[in-house]
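K.L.:
Quick one: the structure is below, questions incoming.
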Amino acid sequence: RQRHPDCDKPPDTKRCTGHNPAFYYNPRRKNCERFSYGGCGGNGNHFKTKQLCHCHCHEND
């Protein structure tokens, strides 16, 4: 599976509709980490679950 093109972008933490728990891929740590997604806009580097984040962004060494 090809990696999501936004996996290397920083998480968008600006507030919009609230605090939505989500996960983003941290390319420096090569791991999915929790953050608070503001609910609108941003980029594709936000996922509802850690499993989805890992599936779309994990790098196979």
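Cβ from N, Cα, C; glycine included.
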K.L.:
If you have Swiss-Prot open, could you say which of Cys16, Cys40, Cys53 makes the disulfide with Cys32?
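P.N.:
Looking through Cys16, Cys40, Cys53, the record in Swiss-Prot gives Cys53 as the partner of Cys32.
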K.L.:
Pick from Cys7, Cys16: which cysteine does Swiss-Prot list as forming a disulfide with Cys40?
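P.N.:
Going by Swiss-Prot, Cys40 is disulfide-bonded to Cys16.
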K.L.:
Can you tell me which of the disulfide-bonded residues Cys7, Cys16, Cys40 is spatially closest to Cys53 (disulfide bond)? Compare CA atoms only.
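P.N.:
That would be Cys7, the closest of Cys7, Cys16, Cys40 to Cys53 (disulfide bond).
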K.L.:
CA-CA, which of the disulfide-bonded residues Cys16, Cys32, Cys40 lies nearest Cys57 (disulfide bond)?
P.N.:
Cys32
K.L.:
Per DSSP, how many helix, strand and coil residues does the domain 'BPTI/Kunitz inhibitor' (7-57) have?
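P.N.:
The breakdown for the domain 'BPTI/Kunitz inhibitor' (7-57) reads 8 helix, 15 strand, 28 coil.
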K.L.:
Distance check, please: Cα of Cys7 (disulfide bond) against Cα of Cys16 (disulfide bond), rounded to an integer number of angstrom.
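P.N.:
Cα to Cα, Cys7 (disulfide bond) and Cys16 (disulfide bond) are separated by 22 Å.
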